[in-house]
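According to TrEMBL, the NADP(+) binding site annotation covers B:Thr26, B:Gly27, B:Ala28, B:Val29, B:Arg54, B:Ser55, B:Ser173, B:Gly174, B:Gln332. If you look up TrEMBL, you'll see B:Arg114 marked as phosphate binding site. Feature annotation from TrEMBL assigns active site, acyl-thioester intermediate to B:Cys143. The substrate binding site annotation in TrEMBL covers B:Gln170, B:Arg250. Among the features that TrEMBL reports, active site, proton acceptor is placed at B:His257.
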Protein chains: 2
Amino acid sequence: MNIRVAPENLNEAAKQAISVAVVGATGAVGVEIRECLEKSGLNLSTVRLLASKRSAGQRVPFAGGELVIEELTDNSFQGIDYALFSAGSGISKAFGPKAVAAGAVVIDNSSAFRMDEAIPLVVPEVNLDVIPAQPGIIANPNCVAIIATVPLAPLNARHTIRRVNIATYQAASGAGAAAMEELRLSTAAYLAGEHYAPKVLKHPYAFNVFSHNADVNPQTGYNGEEEKVIEETRKIMRRPDLHISITCVRVPVLRAHSMAVTVEFDEVVSPDEVRAILRDAPGVRIVDDIEANHFPMPNEASGQGDVLVGRIRRDVGDPSGRSIALFLAGDQLLKGAALNAVQILQRLVG
Amino acid sequence: MNIRVAPENLNEAAKQAISVAVVGATGAVGVEIRECLEKSGLNLSTVRLLASKRSAGQRVPFAGGELVIEELTDNSFQGIDYALFSAGSGISKAFGPKAVAAGAVVIDNSSAFRMDEAIPLVVPEVNLDVIPAQPGIIANPNCVAIIATVPLAPLNARHTIRRVNIATYQAASGAGAAAMEELRLSTAAYLAGEHYAPKVLKHPYAFNVFSHNADVNPQTGYNGEEEKVIEETRKIMRRPDLHISITCVRVPVLRAHSMAVTVEFDEVVSPDEVRAILRDAPGVRIVDDIEANHFPMPNEASGQGDVLVGRIRRDVGDPSGRSIALFLAGDQLLKGAALNAVQILQRLVG
């Protein structure tokens with residue numbers, strides 16, 4: 001699970017009881033946030049699980065006991081120290097400021113505030129220092145931006161990256177629990193020779209691949225997901241000048257994102273040096289066994305918190321020798337969302 | 001199906017009866033070759049279907065009648081004008097020269113002769129002119145190289161391409177019929193909550209993505225599939241100097257390959273001009289509907305012969321403005337193998 005602060009190592013501050021609210025507690029990410037909180041070692045005096053009226057009253061297991069889902073209202077944040085939002089931009093915009101006004105620190109998994117200059121956009125391994133002493137809202141980045149920056153930032157810290165090119169292999173989970181279910185149901189229908197009309201996503205998902213479902217900007221040809229990754233990667237890495245291009249593609253995988261990445265440095269850097277830097281990088285696990293043909297795969301990235309990195313080689317297509325090719329995989333629901341948010345919480349407390 | 005020469009348009013030569021042998025007639029590609037031959041409009045006096053002893057005697061439908069699979073032997077090519085091989089490099093090396101000695105022209109789908117300087121490596125839309133007047137063996141390229149060069153070659157003919165970067169989304173079919181069945185069976189087992197031990201491929205395939213199964217060269221870090229695409233693309237496009245890099249990845253798709261491609265030209269070329277060139281390019285169909293979020297997908301590429309091209313946009317990661325990003329999809333079994341071979345046959349005859 002890679003919750004970085006093991007209970008026995010928590011300092012005294014972290015042992016202080018805190019009250020936490022989870023907004024969107026029944027969604028794909030909300031379920032993972034609950035599980036990350038259980039495993040976090042944090043001393044939780046209150047865990048308030050908030051969702052829409054429809055889910056209110058539902059009972060869910062938590063830490064050996066049971067919690068009741070409550071309806072999200074203006075009064076939900078009384079007495080809450082930290083509120084983790086994962087219910088879409090609209091909810092975050094409407095209720096995030098209210099949670100802050102009620103005295104909570106908000107860790108927001110939506111895109112609502114990410115590009116707001118006043119809001120820190122945080123990957124704990126990369127830029128924890130941007131969180132101010134008295135934080136209000138802290139934004140949790142886009143899943144692809146998190147998974148990409150965990151290995152890219154330590155490389156950039158040693159050798160300036162000039163340009164990045166990414167092609168993604170994105171899982172259904174990024175489109176929510178309903179999309180994951182659509183992938184399962186449509187695949188079962190396909191195997192049974194039955195017709196399945198897509199309900200959640202626009203295109204057939206069974207044994208199919210399609211360009212990411214976010215709207216495409218007709219001016220640039222880039223879709224909203226690609227624009228987020230480009231902007232957020234620059235902000236997280238504090239490299240507004242970084243040249244970055246990306247093609248975001250959905251593949252029929254349930255919950256981990258993979259990506260083929262080409263990194264061009266300002267100077268020649270050897271694959272061995274890249275490997276050495278990444279070996280020491282927090283949150284990175286090198287999976288690069290040429291003999292066994294064993295490289296990062298979404299099935300092995302799922303359910304754990306590291307970003308797997310492999311296929312580390314000199315890009316033979318760059319005549320300057322300054323480019324390195326990589327293949328990554330990371331759990332979209334964990335490091336790409338819930339785990340990153342809970343790791344931010346741990347750092348705030350601990 | 002995109003068999004380019006419609007029966008009514010065949011010239012007199014094409015109406016001449018020819019005798020054709022198919023080696024590997026029961027494999028994933030062999031089945032498609034039979035179907036392409038049926039639809040080719042060619043006047044086939046003899047169709048001899050050859051396979052291993054194990055398959056001999058099997059009866060298969062052909063053109064309204066039935067044919068019996070025969071065992072491949074040294075005498076299989078007596079009286080054969082054209083032999084289409086698709087049974088692996090070993091069989092091609094052992095029997096290809098025998099077929100030529102018996103007077104047949106060989107169209108070989110294996111990698112056995114592709115990089116032999118004396119052997120033409122042909123994509124009909126691109127380099128038909130490399131076939132000599134009295135051909136012996138003609139090599140059918142790697143599936144990714146075919147699908148990539150159909151749009152890249154006409155672009156390169158107008159504006160010199162300096163560099164190409166590709167990330168593939170490759171289907172099971174490239175690893176054969178058994179791999180396609182493993183994808184179906186392992187996915188059904190996954191959905192049923194049952195364990196499935198991979199038999200054909202090294203890694204679990206259900207809802208998973210993995211680096212291509214070809215062996216990886218420990219010197220370069222590139223796998224055999226990637227090396228083939230690099231070398232063959234240069235040969236087909238007659239651009240030995242082309243800078244090209246590729247990451248080959250298998251995705252859980254049955255029979256069509258997709259790829260994210262970045263093309264760097266020697267000069268600035270607009271997306272509109274790329275679109276205009278590709279609109280007139282043989283074998284290309286533009287699928288680039290930004291409003292409907294409708295771009296090339298393997299499910300729509302399957303069962304037809306065009307290479308679908310979309311996501312045509314200026315690569316925002318290249319500060320020089322000389323790079324264009326594309327997304328392609330093409331049927332691996334048809335244009336990537338069987339159809340390309342039968343199109344070569346049509347051009348030889350017609």
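Every residue, even glycine, has its Cβ placed from backbone N, Cα and C.
Bear in mind that TrEMBL entries carry predicted annotations, made automatically and left uncurated.
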Shortest C-alpha distance to B:Arg250 (substrate binding site) - which of the binding-site residues B:Thr26, B:Ala28, B:Arg54, B:Arg114, B:Gln332: B:Gln332
Cβ-Cβ neighbours of B:Gln170 (substrate binding site) (radius 10 Å): 25
Cα-nearest neighbour of B:His257 (active site, proton acceptor) within the listed binding-site residues, B:Thr26, B:Arg54, B:Arg114, B:Ser173, B:Gln332: B:Gln332
The one of B:Ala28, B:Cys143 whose CB sees the fewest other CB atoms within 10 Å, among these recorded positions: B:Ala28
For the binding-site residues B:Thr26, B:Ser173, B:Gln332, the one whose C-beta sees the most other C-beta atoms within 10 angstroms: B:Gln332
Residue with minimal Cβ packing [other Cβ atoms within 10 Å] among the recorded positions B:Arg54, B:His257: B:Arg54
DSSP-derived class (H/G/I helix, E/B strand, else coil) of the residue listed as 'active site, proton acceptor': strand
Neighbouring recorded positions, C-alpha within 10 angstroms of B:Gln332 (NADP(+) binding site) - of B:Arg114, B:Cys143, B:Gln170: B:Cys143, B:Gln170
Maximum Cα-Cα separation in Å among residues B:Thr26, B:Gly27, B:Ala28, B:Val29, B:Arg54, B:Ser55, B:Ser173, B:Gly174, B:Gln332, which the record lists as binding NADP(+): 26
By Cα-Cα distance, the member of recorded positions B:Ala28, B:Arg54, B:Cys143 nearest B:Arg114 (phosphate binding site): B:Cys143
B:Arg250 (substrate binding site) CB neighbourhood, other CB atoms within 10 A: 25
Three-state secondary structure, B:Gln332 (NADP(+) binding site) (per DSSP): coil
Rounded Cα separation (Å) that holds between the residue listed as 'active site, acyl-thioester intermediate' and B:Arg54 (NADP(+) binding site): 27
DSSP state at the residue listed as 'phosphate binding site', helix/strand/coil: coil
Whole-number Å value for how far B:Gln170 (substrate binding site) lies from B:Thr26 (NADP(+) binding site) (Cα to Cα): 22
